[in-house]
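Before any comments, here is the structure.
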Amino acid sequence: MINQGIKAALNPIAFQGGPFTIHWYGVIIASGVVLALLLAVREGKREGIPEDDFYDYLLWALPIAIICARIYYVVFQWSYYSQHPSEIIAIWDGGIAIYGAILGGFIVLLVFCHYRHLSSWLMMDIIAPTLIMAQGIGRWGNFMNQEAFGDITTRAHLMAQHIPNWIINQMYIGGHYRIPTFLYESLWDLTGFALLMLLRHRKHLFRRGEIFLTYVMWYAFGRFFIEGMRTDSLMLGSIRISQLLSIVFFVSALIILIIRRHKNIPWYYNGINKN
């Protein structure tokens, strides 16, 4: 009786015309990026940072982040891609790793701030809430592709969590219902976004960089536990790579936060002085 609610999976293709195919995955990711950019520009204006700096940063960061995200994924799936090299560039089918994108964007930000004489800590504090918002939105691309899911479960169990039927139906994959880990991470990210925006508007209580460090710890903490429920984790032997990185990032951010608290780091300020 429970399985009577099963419906066909949603079409991952948004638009198709001639040789051109646009996937929902790309549309959703792009929407998250655009919203993040608009929010960063708004927050940057409050700190006296010209909006062109954010456009210029994105111009460099976006392609490099995508490349790094894909490289990260391919490296840890090399046993497959070494046999299917033509699929290495097929990012429209999914297969990018957020940690790779974050690392790529972070490196670009440090270089960009150096040459623009901007405070890297201030820029990271501005970008952190927008980034986790984009991450929360982007997880719905995984939903459309029926990926980033967890172990086998039952429809009754999903209904008991008050998950809408249209999400439950999409979680019917390969003849089984799956734990919607994409949903858990999306909700975790969007909750983190609300928290970080609250901190941004109470920044007088913080030192420079602490909002960004809070983002790192928040995301790493949630990702560690959610990753443990997934069945498609990138592995290094028996170790889930994302869980390992989550531990490294959480501990590193906590140590940096403690060190900066014990140093004579100025409390939050307005302005774009380089530090």
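Note: Cβ is positioned from N, Cα and C throughout, glycine not excepted.
Swiss-Prot annotations:
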type: TRANSMEM; residues: 20-40; note: transmembrane segment
type: TRANSMEM; residues: 58-78; note: transmembrane segment
type: TRANSMEM; residues: 88-108; note: transmembrane segment
type: TRANSMEM; residues: 118-138; note: transmembrane segment
type: TRANSMEM; residues: 209-229; note: transmembrane segment
type: TRANSMEM; residues: 239-259; note: transmembrane segment
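Counting C-beta pairs under 8 angstroms (sequence separation of 6 or more), the transmembrane segment (118-138) reaches the transmembrane segment (20-40) with 3 or more such pairs. Against the transmembrane segment (20-40), stretch 88-108 shows more Cβ pairs under 8 Å than any other of 58-78, 88-108, 209-229, 239-259.
Sequence-distant residue pairs (6 or more apart) of the transmembrane segment (88-108) and the transmembrane segment (209-229) include fewer than 3 whose Cβ atoms are under 8 Å, leaving the two stretches without contact.
Among residues of the same chain six or more beyond the transmembrane segment (58-78), those with a C-beta under 8 A of the stretch's C-beta atoms are 33, 37, 88-89, 91, 95-105, 107-109, 112, 234-236, 241.
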